[in-house]
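Swiss-Prot annotations:
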TOPO_DOM  1-54  topological domain 'Cytoplasmic'
TRANSMEM  55-75  transmembrane segment
TOPO_DOM  76-97  topological domain 'Lumenal'
TRANSMEM  98-118  transmembrane segment
TRANSMEM  121-141  transmembrane segment
TOPO_DOM  142-154  topological domain 'Lumenal'
CARBOHYD  Asn146  N-linked glycosylation site
TRANSMEM  155-175  transmembrane segment
TOPO_DOM  176-186  topological domain 'Cytoplasmic'
TRANSMEM  187-207  transmembrane segment
TOPO_DOM  208-218  topological domain 'Lumenal'
TRANSMEM  219-239  transmembrane segment
TOPO_DOM  240-285  topological domain 'Cytoplasmic'
TRANSMEM  286-306  transmembrane segment
TOPO_DOM  307-324  topological domain 'Lumenal'
TRANSMEM  325-345  transmembrane segment
TOPO_DOM  346-352  topological domain 'Cytoplasmic'
TRANSMEM  353-373  transmembrane segment
TOPO_DOM  374-378  topological domain 'Lumenal'
TRANSMEM  379-399  transmembrane segment
TOPO_DOM  400-413  topological domain 'Cytoplasmic'
TRANSMEM  414-436  transmembrane segment
TOPO_DOM  437-447  topological domain 'Lumenal'
TRANSMEM  448-468  transmembrane segment
COILED    469-498  coiled coil
TOPO_DOM  469-531  topological domain 'Cytoplasmic'
MOD_RES   Ser500  phosphoserine
MOD_RES   Ser501  phosphoserine
Amino acid sequence: MSKVDVKIGADSISSSDEILVPSRLADVTLAFMEENDAAVPEITPEQEKKLKRKLFLTIFTFVSAINLLLYMDKATLSYDSILGFFEDTGLTQNTYNTVNTLFYVGFAIGQFPGQYLAQKLPLGKFLGGLLATWTILIFLSCTAYNFSGVVALRFFLGLTESVVIPILITTMGMFFDASERAAAQPFFFAACMGSPIPTGFIAYGVLHITNPSISLWKIFTIIIGGLTFIMTVVVILWFPNNPADVKFFSIQERVWIIRRVQASTGSSIEQKVFKKSQFREAMKDYITWLFGLFFLLQQLANNLPYQQNLLFEGMGGVDALGSTLVSVAGAGFAVVCAFIATLMLAKWKNISALTAIFWTLPALVGSIAAAALPWDNKIGILANICMAGQIFGIPFIIALSWASSSASGYTKKLTRSSVSLFAMGIANIISPQIWREKDSPRFLPAWIVQIVLSFSLAPAILLLIHFILKRRNNQRLKNYDENLQNYLDRIQLIESENPSSIEEGKVVTHENNLAVFDLTDLENETFIYPL
């Protein structure tokens, strides 16, 4: 059999026909699996069904609840704006936009250092620390009385929240196989799209308080902060670092989880060493930058949900109480659409790009109608604003999951996520500024930017990514068996603290499991890209 050249990053060692990978560069679950794997039998279909049910009831519920609170916190400023916040702090439409911009300045700045810390530190403990800081900042928001104070708090809130979603997505990747994760992503993000439902009802209740001793927006913020505090305690006590140490699964179940994930993805579960070679590869891989460009363009529309309550009131005939109920109805519609998207992805394979394009269409149509309808058609404009402002979150969800799952190698995954979310942060720095007070009440320039860039050009980029990855898959599938055997023949793990020394290491063979070596998708030509 002719050998295919196996290219591995600089952290590995090539000796004649062998590639030796130091054990410190292997999957962090390796030691756990070496101790327990042999004693655990293969999972039966009935056991796998029970395991999947338990995973969704525990891990999935856990990360979805955190995600819900994250977006409830993000929405506080939007609801505070109709609860007397502007009057107490002296904000105007333009300074409100600046506050939103500064939140995403912090969000963008936090991406690369935050993702680096997420790799180096225990994931669960790091998340607990972020949530504790986030809770403190939410409560401190009640002390803000001017523009400077609001800006400072929102900047640090953006900095703190910047890597929470990547941590949640990484956690999903550790516990669910590739098909489950792809199908569950819209359902997972239904939590964020549905956040206006509980938030809107809380605001609706607060608006009914008569003769309050403190401002209504402060009462609202304290309630949201209290919920976040409870979640912080739960995360610190029970959120897992990885499948090897999750407290509410048996050792046998942990082994099954690791086997399933590694078998379906062909990549490692977690890696605590930051690999410069994988970082460089991620930055050179043009797929990384295509995803970054998608998020830069698509997220120019992301200020629309935060503008909704102000748009509703600016139309006239919709008061503060009415705008909260309209937001709740719009969020309910978005959640239903997210469930439908989940069913689509579960039923049909390799349709990520097409599904994202399909769910961009309501936002495109809604934006065109909101900009074009006569101003006296209040009901029509209101309905189309709701349609435009809620549904475009689904393509974002699909793309964020796809950006991660289409990369292999732990450092490369984190680097690509950082680039994607940094681009999202830049877009959200720009986004509030397209809603200029002088363009009110119709804001036609903002609608045009969203129609052309966010809802037309951005989905076309996902289609381009689909065709590029499909071409790579076709090339790999031609020689799949030969490539797989070649890798298994040549790559071995060496137990050594000194990665530059072969002699002092002990070679350990891991047959038929390339996942433990933490190879990237370009290093491992048996990696098949999800589409």
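Using N, Cα and C of the backbone, Cβ positions are placed for all residues, glycine too.
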Nonlocal residues around Asn146 (N-linked glycosylation site), in sequence order (Cβ under 8 Å, 6 or more apart): Thr89, Gly90
Range from 55-75, 155-175, 379-399 with most C-beta pairs under 8 A to the transmembrane segment (448-468): 379-399
Leading stretch by Cβ pairs under 8 Å, where the reference is the transmembrane segment (98-118) and the options are 55-75, 155-175, 187-207, 325-345, 379-399: 155-175
Secondary-structure category, per DSSP, in which the residue listed as 'N-linked glycosylation site' falls: coil
Positions on the same chain near the transmembrane segment (121-141), where near means CB under 8 A and six or more residues out: 66, 73, 76, 150, 153, 156-157, 160-161, 163-164, 167, 170-171, 221-222, 224-225, 228-229, 231-232, 235-236, 239-242, 270
Segment-segment contact (the transmembrane segment (187-207); the transmembrane segment (325-345)) at 3 or more Cβ pairs under 8 Å: yes
Contact set, same chain, for the transmembrane segment (219-239): CB under 8 Å, 6 or more residues outside the stretch: 62, 65-66, 69, 72-73, 76, 79-80, 83, 123-125, 127-128, 131-132, 134-135, 138-139, 141-142, 199, 202-203, 206, 209, 212, 247-248
Contacting positions for the transmembrane segment (155-175) when only residues 6+ beyond its ends and CB under 8 Å are counted: 55, 59-60, 63, 66-67, 70, 73-74, 102-111, 114-115, 117-118, 123, 126-127, 130-131, 133-134, 137-138, 141, 181, 184-185, 188, 240, 242-243, 246, 257, 261, 265, 269-270, 400-401, 404-405, 413-414, 417-418, 421, 425
In contact by Cβ distance (the transmembrane segment (379-399), the transmembrane segment (325-345); 3 or more pairs under 8 Å): yes
Residue counts (helix, strand, coil, in that order) that DSSP gives for the topological domain 'Lumenal' (437-447): 7 helix, 0 strand, 4 coil
Residues from the same chain, set at least six apart from the ends of the topological domain 'Cytoplasmic' (400-413), whose C-beta lies under 8 A from its own: 119, 165, 169-170, 173, 178, 181-182, 185, 265-268, 270-271, 273-275, 278-279, 281-282, 285, 287-288, 291, 295, 352, 420, 462, 465, 469, 518-521, 523-524, 527, 529-530
